[in-house]
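Quick look at what TrEMBL annotates:
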type     : residues                                                               : note
DOMAIN   : 153-425                                                                : domain 'SAM-dependent MTase RsmB/NOP-type'
BINDING  : Cys255, Ala256, Ala257, Pro258, Gly259, Gly260, Lys261, Asp279, Asp324 : S-adenosyl-L-methionine binding site
ACT_SITE : Cys377                                                                 : active site, nucleophile
Amino acid sequence: MYNVRNTVLEILNKNARFWDQHLHLSNYSTVQSEKNLITEIVNGIQRRKLTLQYLIKHYSHGKPQPAVYNCLLLGIYELLFLEKVPAYAVIHSCVEHSKKISKKSAKYVNAVLRNIQRSVRKEQKKYSKNYLPISHEDGWYFSQALFPEDKIRYLSVVYSYPEYLVDKWCRDFGEEQCIHLLLMGNTRPGVTVRVRNSFRCDELQMIDGKMAKVSGDVSLIPGYHEGDWVVQGLASSETIELIEIAPRSLVLDLCAAPGGKSFHIADNMRGEGVVVSGDKSVERLRKMCENKERLQLQNIQPIAMNSKKLPKNFAQHFDCVVVDAPCSNSAVFNKRVEARWRFSVKNLQKLNKEQYKLLRSGATAVKPGGKLVYSTCSIEKEENENLIAEFLKEHDDFCCWKYKRMFPQLPFVDGGSVHILCRKA
């Protein structure tokens with residue numbers, strides 16, 4: 001664990017605002033067995049940073065220097081949210097690391113962490129100023145009433161989300177659903193795969209007939225190199241199944257990389273038809289081409305393009321156009337750990353403009369009688385229902401055929417929204 005904590009602190013000390021940019025673990029001298037734990041801790045601190053900051057402010061006097069502050073972030077996260085290591089070992093290790101800064105810092109870290117350790121016990125409670133929920137089942141009960149009395153502020157602090165987002169979800173979905181979403185966004189993400197050849201996937205942990213949950217280095221899992229399965233989220237998979245794509249269709253997938261939806265469409269067409277997979281990122285397309293070869297899919301044509309300005313020969317040319325728009329990621333906060341801290345009215349408005357441009361661009365490529373699929377990893381009405389309503393007002397040659405919002409749920413966790421529009425023949 002010493003190497004793990006040392007690497008975590010090195011990442012945190014790089015720049016606390018951009019930890020995710022430093023999670024390239026090949027840069028650090030760590031063995032494979034430690035990499036998942038390092039990622040879990042760094043991402044966990046990013047998810048839970050509002051709670052951690054609140055506790056540091058309560059249990060310490062003044063704001064310590066950044067290196068000491070990061071030792072406290074690490075120690076409190078391990079004590080309250082990881083629980084894989086005994087408390088005495090966590091405290092001892094963090095104190096030893098802080099000794100590198102100064103003896104005074106080590107005493108300070110020791111005092112704060114031991115004070116927190118003595119103040120809590122595991123219990124299952126309902127909302128109170130003493131209670132920090134960890135899961136649906138249990139949480140930590142503090143000897144002091146330290147959390148806010150106001151309900152929205154309380155939920156914001158104990159679940160570690162911006163107040164605006166908590167207030168919005170309570171208004172949009174109700175308090176019970178809001179709390180469920182807050183919990184789901186703090187769930188440690190797993191990796192799901194869509195099985196392509198069930199006869200050779202006996203070792204996978206199947207959850208239903210087509211999806212399985214995996215962990216570790218996916219390239220080492222049996223069936224990877226043979227193309228027996230492909231990494232894909234449940235919401236992404238359900239989106240493609242809803243389309244009911246016809247064999248021999250001509251499909252355009254905008255913002256396609258890394259390719260999960262394109263691969264699924266190609267599989268559903270059983271090698272017939274063509275999927276033109278466009279993306280502006282050449283690097284992401286390169287990775288998509290590697291996976292295309294591994295999966296032995298010949299009916300996919302990756303192409304670098306500006307999705308907001310399609311070639312003239314694309315006009316009303318495709319049976320189906322898929323627009324997987326950039327979004328707030330509010331249905332996958334557990335995977336996109338930094339996304340909650342970008343969530344704001346201003347950012348939603350900025351995303352809306354981008355999303356509408358992509359949707360309008362994709363619409364130009366749909367044949368009469370064809371389908372326009374708009375999907376996001378968001379559950380916000382501003383990015384989904386409202387945007388589609390505005391589009392349909394301005395495009396009376398389209399109508400809504402199907403719509404589905406998928407709230408994050410265990411065991412898959414990820415969610416999203418999809419609208420399938422039809423162009424009138």
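Using the three backbone atoms N, Cα and C, a Cβ is placed for every residue, glycine included.
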Provide the number of Cβ atoms within 10 Å of the Cβ of Lys261 (S-adenosyl-L-methionine binding site), excluding the reference atom itself.
-> 24
Maximum Cα-Cα separation (Å), residues Cys255, Ala256, Ala257, Pro258, Gly259, Gly260, Lys261, Asp279, Asp324 listed as binding S-adenosyl-L-methionine | 13
Simplified to three states, DSSP reports Asp324 (S-adenosyl-L-methionine binding site) as strand
Running the binding-site residues Cys255, Ala257, Asp324 through a 10 angstrom C-alpha radius around Cys377 (active site, nucleophile) leaves Asp324
Cβ within 8 Å of the mean position of the Cβ atoms of Cys255, Ala256, Ala257, Pro258, Gly259, Gly260, Lys261, Asp279, Asp324: remaining residues of the chain near S-adenosyl-L-methionine | Asp253, Ser262, Ser277, Arg284, Met288
Here the 10 Å Cβ neighbour count for Asp324 (S-adenosyl-L-methionine binding site) comes out at 26
Among Cys255, Ala257, Cys377 [recorded positions], residue with fewest other Cβ within 10 Å | Cys255
Around the Cβ of Gly259 (S-adenosyl-L-methionine binding site), other Cβ atoms found within 10 Å total 28
